[in-house]
Amino acid sequence: MTSADHVESAIAERREIVNEAVSEQLPVQKPERLYSASRYLLDAGGKRLRPTILLLAAESLADVEPLSADYRQFPSLPGDEVDVLSAAVSIEVIQSFTLIHDDIMDDDDLRRGVPAVHREYDLETAILAGDTLYSKAFEYMLDTGAPAERSVEALDELATTCTEICEGQALDVDFENRSDVTTEEYLEMVEFKTAVLYAAAASIPAILLGSDDETVEALHGYGLDIGRAFQIQDDLLDLTAPSDELGKQRGSDLVENKRTVITLHARDQGIDVEGLVSDDPSDAEIEAAVQTLEDAGSIDFAREMALDLVTSGKERLDVLPENEARQLLEDIADFLVERSY
């Protein structure tokens, strides 16, 4: 089995566990329309990558064989038991909350191959569903059974993460009306909008299980690094992957004039990025635009940045015991920049 296959298997195994926990902790109850809308995207699919990272970090910290311990009664370092699965559900429902509100702001029609929540239901219900998931996430983080001090610290991390996600989204909106965005500003936006939830997923188990500050900070840094690499790989795939694999038009970021590490680098090389493609480009036009970006070194620049971030993230895992769960966390970092979807 290749490392990619190993990662896919680890994610699939934990995805099933997390999906069952979501059904258990977020039942469709009265008012049914609200809770049906809240569950809608969670039931539509998703890799469950962030909760997988949380559960693997817990397994590595506790130095137990993967899937050998009950996630609902997980051994902490001081010797008490913590429900790390509830924390994993908390992280996943935050992810779903952000997707619902993102789709509203972008007026998108589809998400995960199904109509967006505001299309399937209505705008008011979608807003309420997102708000419900946001508040439920804090309930689930409190349900871990960790001692008060560790619970409060985990809640503080979750609250800070949610604030930063909103700040990142605000920066993204602001960038749409600016032509002078720098690469540094873009990476800050990516850190807040995308990477901080990976950082929370990696560091919260260390908080709940009673790890020292050095370990918490190292795992937080791991999450930030791989989260930024994840977004850069998404930017690369938009240009390099076929449309049928992407589930959207290849080069859509160019058509929509979105700021990415690639286009910002190209702009700095003197390329008229906004003029690379028309509003309804042909495949040949997209291919020519990608070649222009290749020739400018912009695609290689982004690839190298993503790989450097992954290397940095993996080095931060030195705080963990050498075990299979840690190796899987390293393999996930590689997977994020090697994936083709």
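Cβ from N, Cα, C; glycine included.
Of the residues Gln73, Gln231, Swiss-Prot places Gln231 in the same all-trans-polyprenyl diphosphate site as Arg111, Lys193, Thr194.
Secondary structure at Arg111 (all-trans-polyprenyl diphosphate binding site), as computed by DSSP, is strand. Counting other Cβ atoms within 10 Å of each Cβ, the lowest count among the binding-site residues Asp102, Asp106 belongs to Asp106. Compared over the binding-site residues Gln95, Thr194, Gln231, the count of CB atoms lying within 10 A of a residue's CB peaks at Gln231. As a whole number, the greatest separation of Cα atoms within the isopentenyl diphosphate-binding residue list Lys47, Arg50, Gln95, Arg112 is 17 Å. Sorted by the number of other CB atoms within 10 A, the binding-site residues Lys47, Arg50 start with Lys47, the lowest. When the Cα atoms are compared, Lys47 (isopentenyl diphosphate binding site) and Arg111 (all-trans-polyprenyl diphosphate binding site) turn out to be 13 Å apart.
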